[in-house]
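Novice: Structure provided below as structure tokens; questions to follow.
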Amino acid sequence: MVAFGVKSRSHDKGMRPTWQFGDVYGLDPELLSMVPRPVCAVLLLFPVTEKYEAFKHEEEEKLKGQPQGVSPDVYFMKQTIGNACGTIGLIHAVANNQKHLEFEPDSPLKKFIVQTSKMASEEKAAFLEKDESIRVTHESSAQEGQTEAPSVDEKVNLHFIAFVNVGGQLYELDGRKPFPIVHGKTSEDTLLEDAVEVCKVFMARDPQEVRFTIIALSKDSY
């Protein structure tokens, strides 16, 4: 399952298929070894529960008084469009990996990233609200995943976030949070395993939940 059409959405927005989004089918080393390498980003789809919301609030209050040393090279944007977390996750994954990825000359995604790269996170969100090329693609391609995509106004309790490596640090990028979250050191070789360790914490927080999907952006092995 590629939830909410993330895989097809990347192609619709002008990413060349040299890198592909694909499912991570399990968290043990044997299953992780089946994921094509290298991996440059990891997406997590998870349920937004009361336990998670309580943790999110506590985390934000704690980090407000503790500077994390976030690199200025991190591309981060807020989410202000309902049910657009898949698109935001895709943008976070791609924008922080432009040195790896290839784009078509008329790529709307590449154009959006270039135009917004120097903007504050709130300004990026406002720009996305007005960008027809990105929003129209979100509406059309969101229907192509095996998971039925919700309408913009429908209440949804599933959410996408991205994990990326910028400057040797593992960043969690969530448009519902006010800033990136730093999870410590990582590398191009260990990004998948390091991100999975954080994903396990999300799962342990809600042990009764099974609605978790992990997707890796990795180089096409064919």
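Using N, Cα and C of the backbone, Cβ positions are placed for all residues, glycine too.
Residues or ranges marked as domain 'UCH catalytic' by TrEMBL: 1-219. The feature site 'Transition state stabilizer' is assigned by TrEMBL to GLN79. What TrEMBL records for CYS85 is active site, nucleophile. Residues or ranges marked as active site, proton donor by TrEMBL: HIS159. The site 'Important for enzyme activity' feature in TrEMBL is assigned to ASP174.
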Novice: Rounded to the nearest Å, what's the C-alpha distance separating GLN79 (site 'Transition state stabilizer') and the residue listed as 'active site, nucleophile'? Just drop the number here, would you?
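Specialist: Checking the Cα atoms of GLN79 (site 'Transition state stabilizer') and the residue listed as 'active site, nucleophile' gives a distance of 7 Å.
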Novice: So if I measure Cβ to Cβ from HIS159 (active site, proton donor) and keep only same-chain residues at least 6 apart in sequence, which ones fall under 8 Å?
Specialist: LEU45, PHE46, PRO47, VAL48, CYS85, ASP174, ARG176
Novice: Across all chains shown, how many C-beta atoms besides its own are within 10 angstroms of the C-beta of GLN79 (site 'Transition state stabilizer')?
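Specialist: Other Cβ atoms within 10 Å of GLN79 (site 'Transition state stabilizer'): 22.
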